[in-house]
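Taking it in order: structure first as structure tokens, then the write-up.
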Amino acid sequence: MKNIQKILPLYFVAGTQDCRHLGENLSENLLFVLKQALEGGITCFQFRDKGKFSLEHTPSAQKALAMSCRDLCREYGVPFIVDDNVDLALEIEADGIHVGQSDMPVQEIRAKTDKPLIIGWSVNRLDEAKIGENLAEIDYFGIGPIFPTQSKENPKPTLGMAFIQTLRNVGITKPLVAIGGVKLAHVKTLREFGADGVAVITAITHADNVQAATKALREASDEYAK
């Protein structure tokens with residue numbers, strides 16, 4: 001059985017759209033940030049490349065970038081997850097896939113491969129968590145958005161940090177990673193409330209010093225585990 005908790009302490013999510021402020025070469029921007037984040041100590045990376053500022057409409061370039069990100073993650077022994085795109089995840093042999101409530105059902109994903117694919121599931125409501133708790137195909141929940149976020153178009157209602165505590169109090173036992181506007185100052189409380197880790201985008205991609213910011217986030221998350 002996979003030890004999912006070990007990969008969740010600092011879960012980095014990004015695509016080319018999150019690094020466009022760094023210049024015109026979208027692929028190089030993301031690879032630069034990812035390498036610095038890996039040096040800083042991320043424990044997992046989710047390739048989430050979507051939206052009008054991404055490579056979504058140039059599939060060949062997007063696939064090539066995904067493979068480069070995958071290879072970089074493997075150099076550091078960090079799991080590489082693909083967001084939503086199940087076919088891409090399977091084709092390039094990603095370590096996992098993360099899907100939302102309206103994406104391919106997790107039972108179908110699990111049936112597509114006999115490899116030990118990590119499957120994450122986005123949760124925004126208590127009833128969703130209760131349903132997912134009983135689905136053996138799901139390895140962890142992505143809970144959010146915790147705070148307002150600019151990283152998603154039309155984000156769902158914010159939940160607040162106490163929602164993590166609520167999930168634990170009602171008996172949700174699956175590993176949880178909190179996402180959505182999470183910053184360094186929030187990490188300790190989210191971990192205390194029962195999150196197995198935090199997922200961040202701009203806290204890393206927009207940091208003045210990516211490696212240092214990543215290191216601080218990792219240390220804050222690890223501090224709770226001591």
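Using the three backbone atoms N, Cα and C, a Cβ is placed for every residue, glycine included.
Look at Swiss-Prot and you will find GLN46, PHE47, ARG48, ASP49, LYS50, ASP83, SER122, LYS152 tagged as 4-amino-2-methyl-5-(diphosphooxymethyl)pyrimidine binding site, backed by sequence analysis. Here Swiss-Prot flags ASP84, ASP103 as Mg(2+) binding site, drawing on sequence analysis.
Feature map: Swiss-Prot annotations on the structure.
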| residue | record | Cβ contacts under 8 Å, 6 or more apart |
| --- | --- | --- |
| GLN46 | 4-amino-2-methyl-5-(diphosphooxymethyl)pyrimidine binding site | TYR11, PHE12, VAL13, ALA14, ILE81, VAL82, ASP83, HIS98, GLY120, ALA199 |
| PHE47 | 4-amino-2-methyl-5-(diphosphooxymethyl)pyrimidine binding site | ALA14, GLY15, ALA66, CYS69, ARG70, PHE80, ILE81, VAL82, ASP83, ALA94 |
| ARG48 | 4-amino-2-methyl-5-(diphosphooxymethyl)pyrimidine binding site | VAL13, ALA14, GLY15, ASP83, ASP84, HIS98 |
| ASP49 | 4-amino-2-methyl-5-(diphosphooxymethyl)pyrimidine binding site | GLY15, THR16, GLN17, LEU30, LEU55, GLU56, GLN62, LEU65, ALA66, ASP83 |
| LYS50 | 4-amino-2-methyl-5-(diphosphooxymethyl)pyrimidine binding site | GLY15, GLN17, GLU56, ASP83, ASP84 |
| ASP103 | Mg(2+) binding site | ASP84, VAL86 |
| SER122 | 4-amino-2-methyl-5-(diphosphooxymethyl)pyrimidine binding site | HIS98, VAL99, GLY100, GLN101, PHE141, GLY142, GLY144 |
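Remark: of the binding-site residues ASP83, ASP84, the most isolated position is ASP84 (fewest other Cβ atoms within 10 Å of its Cβ). In the three-state DSSP assignment, the secondary structure recorded for SER122 (4-amino-2-methyl-5-(diphosphooxymethyl)pyrimidine binding site) is strand.
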